[in-house]
Structures are given as C-alpha cells and as structure tokens.
C-alpha cells in the first residue's frame, strides 16, 4: 500500500498532524519509536503553558491564536477533563525586560486582552506572589495551560477512529526519496507515501544529521503547595524573569503540588542515554530555588521531578520547511522548548502540506535558509 502521508514522530505535532490529515480524507500512516504519549521526548509532565501575547516575538501570534481555536475544539472531546484550562497567565519581570516588552508589543499589535500591573498591584491581586518594586506584571486573562499527554492521547484515538494506520514502538531507521515519493525503513519493513512529515523531536538528527538542532536536557519539578495556589483559588499560571535574566515558568497547584521549571540553561546532550533521570544532576532539585525563594516564598519542599529534552535551533525559533532537495517532505523541528502550545496549528499546517494547500500563515521566519 502507498499512503498519502507518512508521519515520522507522533508526539505533539505528529499526533495532531495524524488527526487533521486523516480527518481531511487522506490515507495516513503515523509512526513513532515509542508508544505516544511517552516519557522519551518533550511532551510529558502533564501540563504545558499556552500564552497569546508572545514574548518570543509577534510572528508567533497568528499561529498561537489559531492554535487556541483548535485547542478549544479538541477540548470539547473531553469536557469532563478539559485539555485547555483558562487559568490566565501572569508574566512577571523587571520593568525593562525585553521579554515583557515583546509581550506588551504583541498585545498591542493584536489587540489582545492583557492587563498591566505594577508591583503593588501584583501582590494585591495574588498575595502569594512577592516581587520587587521595579517589577511589572502582564496578565493574559484568556491564556492558561494545556494537558499535554491527554491531548496527544485524544488525537491518536480520534485519528485511529477515523481510519488512520498507526505503527508505534517501531523506530524509523532511514528515509529514502525517489520519483515515486518517500520510503521509510523500519524493523517492521518498508512503507511508502506520496509525502512525509518529519517531526521526530529531540532525535531528528538520527535520521537527518545535517539539521541544525541541538538536544538539551531539561528538568521540571513539583513542590509542596496548598490550596491558595490552585485554579479554584484563581491562582494563575505564570512566567517569571529574575534580575539576572533567568526565565522560569509554572502552573497552578494541583493535588497540593505546584509544577515549575527553568526555561534557560540545561545540559547539552548528544544521545538519549545522556538524558539521565531527575536528581542525577546535582542541581536538579534546587534549580527553581532562586525563583521560589524570592517570588513564591510560601511554596514548600521539592516533592518529585522529571527530565525532558528541548530540541533547540540555533536561534530558538522553529524550523518549518521542506527538506532541501525534497519538496515532498516537510520538517517541523527545533521547537526549542516553547512548541507544545502550537502543536495543534502545526499539525494543521502539516495536513495542509499533505493536501497541497497553501498555508494561511507566513512561515518565512521559520525557513532553514536563515542559517545559511
């Protein structure tokens, strides 16, 4: 059988692509080296932020607004356990923060619902938060967080119900191109398709070593917290920048545990074996202490944590482009630790590519040619 589309990597983007392409009537094969959702990539750990007024640059805003529409649609499949939780996101940092300036600019350009608070206003709204006098907060009332593993599980189930073929726990070992399309090699045999999507995450260079993607080991952890820090008490998700420039992110507490991680830093790795479990690097359990001590002093001890991997591009912007010399293969990689919120729209973009549809978005900033 020759498929219309083969998807290599069925984590966040691949799961979405499999669903949207199958829903569009294509004959699709989803593949993954493991059984998604799993612990080997970048999507585990229960939750991921979704922010609309984007501190990484306004080029992302049209994408994230479409992503939000698709997340809302997906959430309707799980109304008892919603995939998207509109908790709001408070972005904290010094008044001269470049990141916050980008957030404010994005909000102004796209007329997003963002409220600016000074230090006293932040602490009056959320007494659990402490910030210096020179800090400001930009509160995105319509943003929140996503249940990442539930989202992937839902997409995979919906795709399967729609007739999508799925080959999991079976790594793709090679990709070949010829006049007839794309062929992948696996331990289960060879499979052919007219087109392919490569969204293999951290270890995409095992297949395409020429790509400018660097895996980085990252950790996040859950800390003891009480009901004051919960969604029920209107405690928001958050990003926070310390005076030294370190960037943190976190979520409202669930079951008396608040999850937090540090966005920058981490350990450069070159193989999956180097991504050692949480606590095997001395700094893992204390990485969030500078933020917690200064901004959330009421949070208790570290309960447990996990390690994941970022697939960083050189400029930490996404790579969305066809494979050089092969216009029938789309790459979606280099998501650099801020990609999950876009998984829905990136999956839709992949499905449009498979149908020869022109994208509704300007993807020029994400081309590989910027690294030449």
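A Cβ is built for glycine as well, from the same backbone N, Cα and C atoms used for every other residue.
Note that the structure is a prediction, hence the values are computed from the model and not measured.
So that you can see what the record holds, here are the features copied from Swiss-Prot:
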type: BINDING; residues: 4-34; note: FAD binding site
type: MOD_RES; residues: 308; note: S-8alpha-FAD cysteine
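All features noted in Swiss-Prot, drawn onto the structure.
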residue: 4; record: FAD binding site; Cβ neighbours (10 Å): 18
residue: 8; record: FAD binding site; Cβ neighbours (10 Å): 26
residue: 12; record: FAD binding site; Cβ neighbours (10 Å): 32
residue: 16; record: FAD binding site; Cβ neighbours (10 Å): 31
residue: 20; record: FAD binding site; Cβ neighbours (10 Å): 27
residue: 24; record: FAD binding site; Cβ neighbours (10 Å): 17
residue: 28; record: FAD binding site; Cβ neighbours (10 Å): 28
residue: 32; record: FAD binding site; Cβ neighbours (10 Å): 28
residue: 308; record: S-8alpha-FAD cysteine; Cβ neighbours (10 Å): 22
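Between the alpha carbons (Cα) of residue 8 (FAD binding site) and residue 308 (S-8alpha-FAD cysteine) lies a span of roughly 20 Å.
A Cα-Cα distance of 20 Å separates residue 16 (FAD binding site) from the residue listed as 'S-8alpha-FAD cysteine'.
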